[in-house]
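Per TrEMBL, these features apply:
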- A:6-26: transmembrane segment (TRANSMEM)
- A:64-87: transmembrane segment (TRANSMEM)
- A:99-121: transmembrane segment (TRANSMEM)
- A:133-153: transmembrane segment (TRANSMEM)
- A:173-190: transmembrane segment (TRANSMEM)
- A:230-249: transmembrane segment (TRANSMEM)
- A:255-279: transmembrane segment (TRANSMEM)
- A:291-309: transmembrane segment (TRANSMEM)
Amino acid sequence: MFIDIIIWIIQIILVPAVAPLCVGIIRKIKAKLQNRQGAGIFQPYQDLWKLFHKDEVISKDASWIFRCAPYIVFTVTIIIGASIPLFASFINNTVTGDLLIIIYTLAIGTFFLALAGIDTGSAFGGFGSSREMTVAALAEGGFIFSLLTVALISGSTNVFTISQTGLLYQSQYLLSGTLAFFGFFIVLLAETARFPFDNPATHLELTMIHEAMILEYSGKKLALMEWASANKLLIFIALASNLFFPLGIAQSAGISAVMLGMVIFMIKIVIFCLVIAVLESSIAKFRFFRLPDLLIIAFIFNVVAIILIH
Amino acid sequence: MINSIISQITFVAVLSFFAIGGIGALLLRKHDTFANIWSHFFAILGSLSGLFFVALMASGGDDLSFSLGAFAVPFFSLSFHIDKLSAFFIFIISLISLFCSVYAIGYVKHFYKKYDIGALGFFYNLFILGMLLVVSSSNWLFFLIAWEVMSITSYFLVVYDRNDPQNVKAGFLYLIMTHVGTAFIITAALLLYKFTGSFEFEAIQSGASSIPLSIKNTIFIFTIIGFGTKCGIVPFHIWLPDAHPAAPSHVSALMSGVMIKTGIYMMIRIFFGMLWPVPVWWGLALLVLGSISSLLGVLYALTEHDIKRLLAYHSIENIGIILLGLGGALTFLSLNMLPLALLSLTAALFHTLNHATFKSLLFLGAGSVINQTHTRNIEEYGGLIKYMPYTAFFFLVGSMAISALPPFNGFFSEWLTFQSLFLGIASLSLYEKWIFILAAGSLAFTGGLALACFVKAFGVTFLARPRSSHTSGAKESSLSLRIGMGAMALLCLLFGIGSSHVVVFLESVGKNLAIFKGTASLISSSGQQVVVGNNFGSVSLLFLCICFVFVAGLVFYIVTFVINKNQKIETGATWDCGTDLTGRMEITATGFSRSIVTIFKGILRPSIQHDIEYHDAQSRYLPKSRTITLGVQDVYQSYFYQPLNRMVSLIALRVKSIQSGNTNMYILYIFIALIISLLFVL
C-alpha cells in the first residue's frame, strides 16, 4: 500500500520531469546525424525556464478559450501520464486506466488546442487546427484498434493489466502484436506531430500543423504548450514500450524490481528517441493528402492483427 | 393496488395537462403573451408531473396496465401498458420537454405579431402528448393514431415559419416520408394481426411463435423501413436534415432529441418482445445500418455550414451509434448470449438518454444564436463568445458531450457501446466477428470525425472575429433561454459523472423485458466505478473529473502565483504579416472541413463550380465578379430517390392512358374489377 502511494507520486512527476529530456535527446541525435554539434540534451529545460520568465502578449481577439487552453492541454497530459504504466505494472488503476479513457482524454487536449488555434482569428492558426483535426480524426481508428489488439490478447482494456499480462510471453500472438505495434507507431508519429506528418522544428512554414496552432502563444502559456507536447511524446513512447514490449517492467512490489523498472524504462525511452530521430533524419515530410493513406494503413494493420487472434 | 391507482391518475393528469395547455392556447390566440404563458405553463406542469409519474413507477416497481373507457369499435381500445421501458421513454420526453418549454417562453417572443402563438402552443402541446401516447399505448390501432398525432402535429410545427418557402418544401418532404414510413408500419401491424389474431401488444407477444419465419423477416424489413424513416436511418434519412432546421429551435430540440427516439422505442418493443426468437442476420443487419448511418451522418455534417442542418446530420450519426448497441444486443440475443445482449441494450438505452440531452442542448444553443443573428449560416458568425458568453459556454459543453469527451455523458455511453462491441469481437467467430470489427471501426472513426466537426462548429461560430455584420448586433439571450440551456448542460455533466448510478437504473430497464428475466449482469457498479465484464474494462468519470479539476487548479496556481508572479500580460493584435486582418482572412467552416471532404471525395462527391463575370465579355481581361459554388452531391437523391421518382412517374404515365375522364368507362372498370375479384373468391 505504502509503495503504491509512492509509485503514484512518482508517476505524476515522472512524465513532466523526463519529457523535455526526450525532446532534447531527439534533437541532439538529429544534430549529430546532420553533422552539427547541436545544443545539449538539457536545452529544452532551459527553454522552458526562459519562457516561464517572459512577459506575455495576448491577441485582443482571443477569448477565455485561448487563455484556458494551455492549462487544460497540460493537465490532460499530467493525468494521462499518471494513468498509464511507466515503470511498474503491478499497481492497480481501475478508474482512469481504461484504454478508451486514455484515448478520449487525450482528445480533450486536441480539442482545446484546435480551438485555441482558431481563437485568435489568424489564418495560420485556423489552418493548423483544420489539419490537426483531419489527422487526429483519421488517426483515431488506428489508435483505438492498435490498443484493442493488445487488449483482446490480454483479455482486458485496462492498460496496466495489458502490460502485466505481457504480450511478449505469448508466442502465438507474435504476428498480431508486431502488426499492431507498427500500426501504433504510425499513430505515434501522427499524434505527436513528427515526420512524416509534421515538422516539429519549423516555426514558419505554410504546411505546419502543431506550430501553427500555438503561433500566437508567448511566455508562460507557450511554455505550457511546449511542455504539454513533450509530455504527449513521452506518453506515446511509454504506451509503445510498455504495452508492446513490457519486458523489464516492475511486475511486483519491491525496491529492486522498481529500480530496475525505472532504469529499463529510461533505456526504452532512449531507444525510441533514437528510432524517431533516425526516422526524421532519413525521410521527408509527406504531402498532406498522402497522410490519410498512411493512417488507413495503420488501421488495416490492426484489423488484420485482430483477425489473426484466435 | 392503491399505488397503481395513484399512478393511473397521475398519468391521466399528465395527459390532460398537455391537452388543457394545447386547447387553452388555441382559445387564447388573440393575445400572444397569454397564449405563450398558458401553453408553456401547462407544458411545464405536464412535464413535471410526467417526471413525478416516472418516480412513482420506479418506486412501485410493477407494470401499469389499464384501459380508458370501453369502445364499441372492434379491435380498438384505449389501452395502456407502461413497463419500465415505457417509463424510461416517458422520462426522456418529460425531461426534455420541461427544459424546452422553459426555453420556449423566452424564445417564442420573436414570433409575436408575426405568427399565431396560440397555434404554436396548440401543436406543441399536442406533439408532446402524441409522443407520450406512442410510448405508452399497447394496442396497434391506438398506437397508430398516436403515431399520426405525433407526425402531423410535428409537420405543422415544421411549417410554422411559413413565410420561408424552403420550410414549406421541407415540411412537404417530411409529410411524404413519414407517411411512406407509416404505410410500412401499418402493413407490419396487419401482418402481425393476420398471424396472431390480435392488435393488442401482449396478445401478439404470446402468439408470436405461430408466425412463420418468412413472414417474420418481412415484418422485420417493414419495421426497419417504417420506424427507420422516423429515426433517420440512412438511406431513409433525407427528410431529417431539411425538416429539423425548419422548425422553431425548441421544437427542433424535441424532434431531434426525443421524437426520432420513438422509432428506437418501437424497434426494441418489436424485436425484443413481439417477434422473439429472431434470426442472427437481423442483429447483423442493424449493425451494418448503424455503421453506415453513423459514418455517413458525421461526414455529411462536416460538409454543412447551416448550423441546424449540421446538428440534424449529427442526429443521424447518433441514431447510428444507438443502432450499433441495439444491433449488438440483437445479435447476442439470437446467439443466446444473454448477459452480453443486456450490456449492449443498456449501452443503446444510455446513448438514447444522452443524445436526447446533448442534442437538445445544442439545438437550443443554435436557436439562441439564430435568434440574435437572424441567419443559420455559420460562415457569417464568428466571435460570438464575446457577445453571448453563456450561450457559448453551454454550446461548448454540448459539443464536448457529443464528441464523447470525458467526463461528460456522451463518453460513457460510447464507452459502453465500445465495450460491448469489443466483447463481441472477443467472443464471436467468423462473419459475426467481421461485422463487429466493422462496427467498432466505424464507431472509432465516427468519434474522431465528430470531434473535428465540433471544433469546426464551435470554433467558427463563437471564436475569432465577427465575419459579417450579422453578429455585431448580437446580445446575450434572455433568462428563460439561459435557464433552459444551463439545465441541459448541467444534465450532460451529471449523467456523465453520475454514470455509475444511471447505468444501474438503465440496466434494470433492460432486465424488465421478458426475455432478460434473470439474466446475469455484466455491469457492476461499486461506488463511483463501473466495471464491465469480468474485469474487462472499468471506468470512473467522477474520479477523473475530480482529478482534472484538482490538477488543473494546481497547475494554474503554480504557474500564476509561484513561478514569476510579476509577469506582465499585454494585449496586442494578432500577428497579421503586415496587412490588417479582416474577418474574411479567418478560416471558414468550408475551409476547415475541406481537407476531410477531399479525403472522402469518393463518398461525398464534392463539386466545384466556377463562374466569372467580365466587364468586357469579348476579350475577358477585366473580371467583374467571381463566384465559386461548392457543394456535395447527395448520393441518395441521385442514386435512390430520383430513380424511384422516375419509376413512379413512368408508371403513372402508363396508367394515365386508361384514364379517359369518361364516367361510363370508370363504371366499366369497377365492374370488371368486381368480376375478377369474384372469380378469385369463388
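Residue 1 is the first one shown; counting continues down the chain.
Each Cβ is built from the backbone N, Cα and C atoms, and glycine gets one as well.
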Range from A:173-190, A:255-279, A:291-309 with most C-beta pairs under 8 A to the transmembrane segment (A:133-153): A:291-309
Leading contact stretch, A:6-26, A:173-190, A:230-249, A:255-279, A:291-309 vs the transmembrane segment (A:99-121) - CB distance under 8 Å: A:230-249
For the transmembrane segment (A:291-309): best-contacting stretch of A:64-87, A:173-190, A:230-249, by Cβ pairs under 8 Å: A:173-190
Maximum Cβ pairs under 8 Å to the transmembrane segment (A:64-87) - stretch from the list A:6-26, A:230-249, A:255-279: A:230-249
